[in-house]
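Colleague: Feature table excerpt (TrEMBL):
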DOMAIN    397-649  domain 'EAL'
TRANSMEM  15-33  transmembrane segment
TRANSMEM  45-65  transmembrane segment
TRANSMEM  71-94  transmembrane segment
TRANSMEM  114-135  transmembrane segment
TRANSMEM  147-172  transmembrane segment
TRANSMEM  179-199  transmembrane segment
TRANSMEM  205-222  transmembrane segment
Amino acid sequence: MLSALIGNLAYNVDVEIAFFIVSFIFFIMMIGTKPRRTSSYVYDFFGMFFCIVAPFLMVLIVYMASHIEVYGIVMLQCVMIAYIFVYSFILFNLSMYLCTLPYRNRSKEGNYRILCLCFVFFMVFYCMVAIFKGTMFSYYGGEVADISFFVIKMVNCGMVSSTASMIFALTVTKDMPKVVRTIIFAVYPINVLLLLVQRSNTDDIIIAMTYVVPMCIFYILFHSNPYDEILGLQNTYSLESRFEDDILLKKPFYIGYLIIPSFNRSDISGPSSKMGIGYETIIDYCRMAESKYPNLHIYKQSAGTYTFIYEAMQSDEHDKILDSLADIAEKRLSEIDELARIIMVVLPCFEQIRSIAMAREMVNQLIRKKLNPLENFRYVATKEDNEKFQERYRIEQQLMDIRLKRDMEDARVVCYAQPIYEVESESFRTAEALMRLELDGQMVSPGLFIPIAEETDCIHVLTLIMLSKVCKELKELEKEYDFQCISINCSASEFTLPGLADEILDILQRYDVEPQKIRLELTESAVADDSNKLRNNMYLLREKGVSFYLDDFGTGYSAMARVIDLPFRIIKFDKTLLYQSIDDERMDGIVSNMIETLKNSGINTLVEGVESDAHKDYSITHGFDYIQGFHYAKPVPISDLRKYFSKKK
């Protein structure tokens, strides 16, 4: 018996000693293996720490109670008070862990913390009253003090905590994954049963089992990160933990990505696989790296993607070390497959890179910009790369926020407009709405944020916000000014959305805007593919009175027959056609024929980019119906269209 190792004890503490050892081992694992850290992990970590202290204090209480004449009542009471505080914090951490398991509850973490701290306060108060009243244990002389009452009061506290936890779990069961529900509804009833056993038999102390087991189960199932037994590598969660630790401790480091695309497309780990030799190459590479560079930590993302953290100050010497790692990888790989390629991108520890997600996104952007798929690719990011990435990342996060909030009045989306000159009436009768993005008081170039919005699927929400703002301003303009319409640009991708027509018509109805007052512009690339969804959306809106412009005509995507086949009212000639036609007679003839063909088909024409008298004269003499460009008007806030439109008579 473990109790016999300590000496002559009046109570059996084998279970306490055993779980003291178990909790100590698990705590060492939690420190050394870089476990997965969620917002609830902190409660498991500190709970496990207290799980080491509590059994130790319980064994000490039993030992002192068994030799009360030596240690005295006051010393025993002091250790009991220490145990009460430690045990109360164990119950606090268990309760908080349970409260923060459901994702939706994490926003209420502060409220739950106050509630659990109140429980701790009442538990300590309940026990301290018993201590000062002298009812926590009894001593009538002799060598042994009776601590049965102490054990029972601890059991009472544990029972209250477990029961409250069970009731709480029942109230949020719909927000918990099945596996979490199964564990909770298995562990807590067993806990209650063990506490009842402890209450009926105070000679064998088993309280440690009731709190160490749940803590260990939570760690194993939700936070432990096993090593790959062959490669000796951990996964993404361990990478995130080390990254966060290095940031917190302000350790200088590099983070790098080694990617072997062909390995990601093959099963290289199977015992009978033809690519098995490739797997052996990775194994040898990992063994070499970890033995040669102790500060290098490699993590496996997939069969052909590995991330490493090299803890070292940025210097030319360390840059060469990382370069040598790429050399070795290229050499080893070429020996087994001369066509295989590697990608190695290294980031120094830029201060602004605060998460693995940011680092991964920056690496992906660098690869997309610079990668030649037929060559090995190595790159060490520079400060300039980081500055560009930070600007893009800032815009991307703001766009995602706009998308998620879906606020049609979002002040970050600013509506400008460029008046369009009508040749026949010699006045401004229409305008093109132009989207701008204002972040932190500065305007972001459309050439920068629109491609990002399209890549991140934010462009559709931006279009809806623009349409809402245009409709709102249009209603005000209609009261006093005479004009035909305002056009709005639409992305190619969003015109294939099945519910687009309904969304647009809903906004027009909300602001009581006539569909004839709104025109939608699609780029020539949008109609290049024969999409039934695009065609359906166009005809649905056309039936309701919404007209369409074809923007950027002449950039080389679509055939004239396809343009005429779709319900476009106006074709906007790209400025490159204008500039080439002025200098090239052959291009001039082509443009003249295009204009004639479109007019014969009942389609009006508009030319963009008119910036000089020469541009203006050419546009008028060639019969363009509308002219747009700086020569006539620059983009202005949409409210300033009042300066260009004529007042109603």
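Glycine is no exception: its Cβ is also placed from the backbone N, Cα and C atoms.
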Colleague: If you count Cβ pairs under 8 Å, which stretch among 15-33, 45-65, 114-135, 205-222 touches the transmembrane segment (147-172) the most?
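Modeller: That would be 114-135.
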Colleague: For the transmembrane segment (45-65), which stretch among 15-33, 114-135, 179-199, 205-222 has the most Cβ pairs under 8 A?
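Modeller: Stretch with the highest Cβ contact count: 15-33.
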Colleague: Test of understanding: applying the rule of at least three C-beta pairs under 8 Å (pairs 6 or more apart in sequence), is the transmembrane segment (114-135) touching the transmembrane segment (205-222)?
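Modeller: Since fewer than 3 Cβ pairs under 8 Å link them, the transmembrane segment (205-222) and the transmembrane segment (114-135) do not come into contact.
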Colleague: Report, as numbers and ranges, every residue of the chain located at least six residues beyond the transmembrane segment (15-33) whose Cβ falls under 8 Å of a Cβ in that stretch; write 'none' if there are none.
Modeller: 2-3, 5-6, 44-45, 48-49, 51-52, 55-56, 58-59, 62, 204-209, 212-213, 215-216, 219, 223-225, 227, 234, 238
Colleague: For the domain 'EAL' (397-649), provide the mean pLDDT of the predicted model.
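Modeller: Within the domain 'EAL' (397-649), the model's average pLDDT equals 89.
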